[in-house]
Each structure stands twice: as structure tokens, then as C-alpha cells.
Amino acid sequence: MSVRLQLGQLNESQARARLRETRRWVIKIGSALLTNDGRGLALDAMGLWVDQLAALRKDGVEVVIVSSGAVAEGMSRLGWRERPKLLDELQAAAAVGQMGLVQAWEAQFKRHGMQTAQILLTHEDLSDRKRYLNARGALCTLIDMGVAPIINENDTVVTDEIRFGDNDTLAALVANLVEADHLIILTDQSGLFDKDPRSNTDACLVGVAKANDTALDSMASGSSGALGRGGMFTKLRASRLASRSGAATVIVGGRIDSVLTRLRNGDELGTLLLPDQERWVARKQWLAGHLKTRGRLVLDDGAVRVLTQQGRSLLPVGVKSVDGGFQRGEMVSCYDLQGNEVARGLVNYDADEAVRIVGVASEKIESILGYINEPELIHRDNLVML
């Protein structure tokens, strides 16, 4: 099993080197790694994780944790030996267990002088545009403040099933939400193998591949184990979801000593799945190809010059007029005074708000609206020139 496969014309050492440079990681830790065989939290193990997470933070990595374990902790607190089958009982266990889960994370991070925050998400939070933007704004603010967000699904209020589908998918969506550079999925396997390593002694670990390489499909779907390769296809699917925003994914064994800090150092651990494009390229291409625009902004010559020559954000002061019934977060087109479309992007204000602040300096937005979402009408990260 020491043999490592490299699929396609990829250089693993070069690909791994990026882990030493990137600054925002979403790290998913599953129940098998956080609990004592599904019966309550493994506090010593959590302490070791936090030691590594704190070391990453000191090294300049912004960490977001997607944590399982609420149901298992709830079962322990309620004295239940078997996982319940009824949805309302699962939700009750999650509600009880979430208290202990968050307290445990908080206590461990407190040893390193770090603040934590609990974020509970549902599918609707990430499918509704306004709620998505609110969640993104809150998370990015917490990250900028140096707080470690602890994210889980809001199991107590979901109505269709107890889980998002799986926390791998949730972690990938969170990686897209916060525009993470890397998604780290910690599992009880060493990574993705070309064959089931439990029944094939000649199985080889895939060291690096493109996330969308179809050759991986058969490797990930050949077993039905609940915690092993049976869950590997969901991890592959999560890596493909994360790759849409340009994030690379590492699927790696969570019980490897100092696994997170060693990944940061570029050690060849686990399976590295690469996106087809860099994060900023993927986002800009998505913006350029987003055909359905909801409104139109006409810019003065100064704003056009700042956007095209300096790559700056679009401020309200540079906008001459607003047309359309768009809402915050929707796509709008930007035109110069001659009627040429020069850019498009995701707007930070509803149309009725934008009408009130066009031509106004950003520091006056709050006095006009009574609040301020952002100083920019369109942030440069959400803007693409045409």
C-alpha cells in the first residue's frame, strides 16, 4: 500500500506545495474520529485536533470546521445505546448533543486563547439567495475576526431527513460559500484507493488526480462499508462540488499523527483532488457565463476607468443610473455612457436601495439608508470585465 498513483499528467509535489501557501481551509471531521465508537465525544482526540487547528491558525491559515458528532453525544447524554430510527428522536438527540459538542470545541479552543462560534445551517440557508448571502457575510466576518466557526447541519429543524445527505456535502457547500482554497475531509481511511484495500493487498493509494477524472468513479463506489470506502463516493462527489469554485480537496486519514500540520508542510498524505481551474478563474468564468442579468447600471467615465485599468470595486459614487428590479446578490450588467456593456457582477443592494445611493460617497450610505451592507455596490471579487 506504499505505492501512490498519479492520474493524468500531474506532478504531486508541485500540487502539494500549494498547501503551504493557501490561507483558507474548510476541515470536515466525521463522527468516527470525534466519538468513542459512536458513544459520546472523544475529548482527548478533540484536544489533539484543536492543537493542530491552532497551529494552522498561527501559521496564517483561516480554519472553518464542519463537525459531526451531535447525535452521538446526544445519545450518550440521554443514555441511549442504539441509534434511534424515528426522525423526532434523532432530532431530539441532535438537540441535546449539539450543546455538548459546542461546549467541547469551545473548551479546547479556549486553551489556545481562540474564540469559537456555532453556525447551524439547513439546505434552505444555502439555496435561498438572501439567506446564502447573510450566512456568507456572517461567516466571512467571523473568519476576519480570527474566530473559528464550528459548523453543523441544523438537524433539529430539518423535515426531510436527519442529515444534509452527509456532512461531506455540507463541507463542500461551505467551501464554496466562504471561497476556501482547500477542503480537507478527514476520514477513517488513508485516502482513495484504486481497489478496496480491505480485500486487495495490492491496492494502491491515489496520490493526486483531477476531481472530475471519471476513472475515479469505479474506485470510489466498489464497497458498501458505512465508514470506509462505502462513504468514499460521497467524498468524491463533495470534491467535485468544491471544485466548482476552484477549491482543491484532500481526502486523508484522520488518525495519522499531526495530519493537518503535515499537510500544511506539503507531506504526501491522502488523496489530493484538484479542480480544473484556479479558484479566481472558476469564479470569473462563472460570472462571465451567467447569462441572466436582472438589471442595468450606467457608469460614469471615471468608474469605467477605475474598473478597467485598476481592477477596483464599483462604488455608488461612480454610478449614473439604475434600471431593473434586481435584489441583493443578483447579477446586473454595467454599461458605459456610450451604451457598451463593460462588466457584470453580483450587486450588494436591492434596486430600490441602489437608486437612493447612486452618485453618493460610500461613507454617506448609512445616513441615507439607515444601514450599510457593504461600501461597494459591486465588490471586485464579484465583478468580471467583458
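First residue shown is number 1, and so on along the chain.
Using the three backbone atoms N, Cα and C, a Cβ is placed for every residue, glycine included.
Quantities reported herein were computed from a predicted structural model and do not represent experimental measurements.
When Lys28, Lys364 are compared with the ATP site residues Thr187, Asp188 in Swiss-Prot, the one appearing in that site is Lys28.
DSSP assignment over the domain 'PUA' (294-372) gives 28 helix, 23 strand, 28 coil.
When the binding-site residues Lys28, Thr187, Asp188 are ranked by how far their Cα is from the Cα of Asp155 (substrate binding site), Lys28 comes first.
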